[in-house]
């Protein structure tokens, strides 16, 4: 009997109750959690409505692919806010007494799986969007003829399934997700790293996240350079790149938001995976980095809400009036058909165009 009682005391929740040095103000945290969850859900709902309307409106194959991937990213952010936010509010409302409402560690495991999935999936989708746009700009004929909506849906499903697999890895390896030191969220084991497997999960998550950011940076750089080269090579075919310009601006904004919000958390997890977690300072740094990462799911939808063609046109007009400088003609924002885009692509990629440009 005494052995059974001692085993019951060493539950995942109880083990952390004796070492809770990283605390948060409960009332304030409940208030901010509710506000964050509400703002995130409303923002993502508005972005989903805008993207779905745009997907129905535009029948350009290149733009439809981008909008489909963007919709997947925003929907992932929406459910991440809904599920993770609801669990976080419940935890705060229960005074963070995990041992009282989650003795079997089921809720913590669900929380941890959702945290990993909703963190990794948008990063991977952002890199896939950057690759798709890079192919669409550098190889537009191949993109228009070979990459169909069916292929894009398969890529979207593949990314989601891969993120689910990574999130389920600890469960498949008979490892539990752990309550973190602040007792407000669950993730991989960061407190008492025992062996290589604990380090592996942390390093794998960090590596995949940083790799996704690196791929996005590289592909967006190639896309931007290609658009600039085409611009200087053939001034008369500007209108064929208007939809490219809008999507590239959105991609750059998504990449900047992801880098700023996710880099601290990914680097912190990598550091814990390599060096371990031995200080209160590491706990506070992790909590700050987590809050930064949470902002990513709030800011992502506003990229599609604010950086639409109509809004960009108005911003351009306002900037032109204030500065008195016309960098580009306003007709670059006018809608162009896929026929014009393919025409520009054919001209810019043909040997004749190269020859005429050189002369």
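For all residues, glycine too, the Cβ spot is worked out from N, Cα and C.
The feature topological domain 'Extracellular' is assigned by Swiss-Prot to 1-31, 91-109, 176-198, 268-285. Residues or ranges marked as N-linked glycosylation site in Swiss-Prot: 4, 19. As annotated by Swiss-Prot, transmembrane segment applies to 32-54, 70-90, 110-131, 153-175, 199-224, 251-267, 286-307. As annotated by Swiss-Prot, topological domain 'Cytoplasmic' applies to 55-69, 132-152, 225-250, 308-359, with the evidence given as sequence analysis. The disulfide bond feature in Swiss-Prot is assigned to 108-186; the stated evidence is sequence analysis.
Contact count against the transmembrane segment (110-131) (Cβ pairs under 8 Å) is highest for 199-224, out of 32-54, 70-90, 153-175, 199-224, 286-307.
Only sequence-distant pairs (6 or more apart) were considered; of these, at least three Cβ pairs between the transmembrane segment (70-90) and the transmembrane segment (286-307) are under 8 A, so the stretches are in contact. Against the transmembrane segment (32-54), the recorded stretches 199-224, 251-267, 286-307 differ in Cβ pairs under 8 Å, and the greatest number is found for 286-307. Look at residue 186 (disulfide bond): DSSP puts it in a strand. In the topological domain 'Extracellular' (91-109), helix, strand and coil residues by DSSP number 11 helix, 0 strand, 8 coil. Confidence for the topological domain 'Cytoplasmic' (132-152), expressed as mean pLDDT, is 86. Taking Cβ pairs closer than 8 Å, the transmembrane segment (286-307) reaches residues 22, 24, 36, 39-40, 43-44, 46-48, 50-51, 70, 73-74, 77, 80-81, 118-119, 122, 180-182, 185, 190, 246, 249-250, 253-254, 257-258, 260-262, 264-265, 267-269, 272, 277 in its own chain, all 6 or more past its ends.
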